[in-house]
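Asks: This is the structure, below, for whatever I ask next.
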Amino acid sequence: MKENINLSNLPKHIAVIMDGNGRWAKKQGAMRIFGHHHGIKSVKDTVEGCVELGVKYLTLYTFSTENWNRPKLEVEGIMQLLIKTIGEEVPDLNKNNVRLKAIGDIESLPKSARKKLLDSIELTKTNTGLTLTLALSYSGKWEIVEVTKKIAQQVKSGALAIENITEEVFSSFLATGEAPDVDLMIRTGGDHRISNYLLWQLAYAELYFMDDLYWPEFRRQHLFEAIYEYQQRERRFGKTSEQLPSVKV
Ligand code: FPP
């Protein structure tokens, strides 16, 4: 599959909803946290797949604002897993020239998780290859409200005039920073929804839903299949087919 991918037409920004860990674990007769542990292998393989191809931005929905409502034991298990994995992975991230970032209400994470995260971000900040962003305690509506507050502050202080609020200005305040809007969004686990993820950035994303695959089963070959499928789609951005440049893969 990798050979069929057109490297000059890669999605610049891929976002993933890593769904189905709990159901995968249940299928094995195990606790839900077992599924999250196995999801780590999928995360690593996906990151390596992106590095292998030269994808610039990968954003993973790791923990949503709504996930705080899960049973306490599961939330604690995910936080422990996060602390362990983020710490252990720094050498590999550096080896692969991957810059780690995080978006979301980081202040709401347990102190130990926040510290490990910020340390790892610091240790990888000069890397220039893939930007790997973990969405943690994140939701799209939360982010839009945060942007609105920042813009309101600027208007209030006189730094920004209302008539100068444009889509570009709004985008510049998003947590994803300089990352372009999402080109391809992949969701495993069979559900066909956005689940409050990157609501602004997904405006023109191609959506790729995997009906028969839980996140712990996801490997780079699935990533390559998704990218190949993405490259077969016609992205019109509201135009007609005839208006598009005729360069086709
Ligand atoms: C969704 O599956 C998965 C999560 C809410 C957690 C995902 C977290 C990881 C894979 C750990 C990631 C760690 C790093 C360092 C990136 P689900 O629990 O909603 O599954 P279900 O839909 O079958 O219940």
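Yeah, the Cβs are placed from backbone N, Cα and C, and that goes for glycine too.
Pasting the feature list from TrEMBL:
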type     : residues                                                  : note
ACT_SITE : Asp19                                                     : active site
ACT_SITE : Asn67                                                     : active site, proton acceptor
BINDING  : Asp19, Glu206                                             : Mg(2+) binding site
BINDING  : 20-24, Arg32, His36, 64-66, Trp68, Arg70, Arg187, 193-195 : substrate binding site
Asks: Measuring Cβ to any atom of ligand 1 with a strict under-6 Å cutoff, which of the recorded positions Gly20, Asn67, Trp68 qualify?
Replies: Gly20, Asn67
Asks: For Trp68 (substrate binding site), what residues in its own chain, 6 or more apart in sequence, show a Cβ-Cβ distance under 8 Å?
Replies: Val75, Ser108, Ser137
Asks: Looking at the recorded positions listed here (Asp19, Asn67, Glu206), whose Cα lies nearest to that of Arg187 (substrate binding site)?
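Replies: Closest candidate to Arg187 (substrate binding site), judged by Cα separation, is Asp19.
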Asks: Which of these binding-site residues has the least crowded Cβ, counting other Cβ atoms within 10 Å: Gly20, Gly22?
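Replies: Looking at the binding-site residues Gly20, Gly22, the Cβ with the fewest others within 10 Å is that of Gly22.
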Asks: Going by DSSP, give the three-state secondary structure for Arg187 (substrate binding site).
Replies: strand
Asks: By CA-CA distance, flag whichever of Gly20, Gly22, Trp24, Thr65, Ile194 among the binding-site residues is nearest to Glu206 (Mg(2+) binding site).
Replies: Ile194
Asks: How many Å lie between the Cα of the residue listed as 'active site, proton acceptor' and the Cα of the residue listed as 'active site'?
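Replies: Cα of the residue listed as 'active site, proton acceptor' to Cα of the residue listed as 'active site' measures 12 Å after rounding.
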Asks: Give me the CA-CA distance between Thr65 (substrate binding site) and the residue listed as 'active site', in Å, as a whole number.
Replies: 15
Asks: Just to verify a number: CA distance, His36 (substrate binding site) to the residue listed as 'active site', in angstrom, no decimals.
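Replies: A Cα-Cα distance of 10 Å.
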Asks: Please list residues from the chain of Asp19 (active site) whose Cβ is under 8 angstroms from its Cβ, counting only those at least six apart in sequence.
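Replies: Result: Arg187, Thr188, Gly189, Gly190, Asp191, Tyr214, Trp215.
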Asks: Which secondary structure state does DSSP assign to Thr65 (substrate binding site), in the simple three-class scheme?
Replies: helix
Asks: Check each residue in the chain of Ile194 (substrate binding site) that is at least six apart in sequence and keep those whose C-beta is under 8 Å from its C-beta; list them in sequence order.
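Replies: The answer is Gly140, Met185, Leu202.
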Asks: Provide the number of Cβ atoms within 10 Å of the Cβ of Arg187 (substrate binding site), excluding the reference atom itself.
Replies: 24
Asks: List every residue in the same chain as Trp24 (substrate binding site), at least 6 positions away in sequence, whose Cβ is under 8 Å from its Cβ.
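Replies: When sequence neighbours closer than 6 are ignored, Trp24 (substrate binding site) has Gly35, His38, Tyr214, Trp215, Pro216, Glu217 within Cβ distance under 8 Å.
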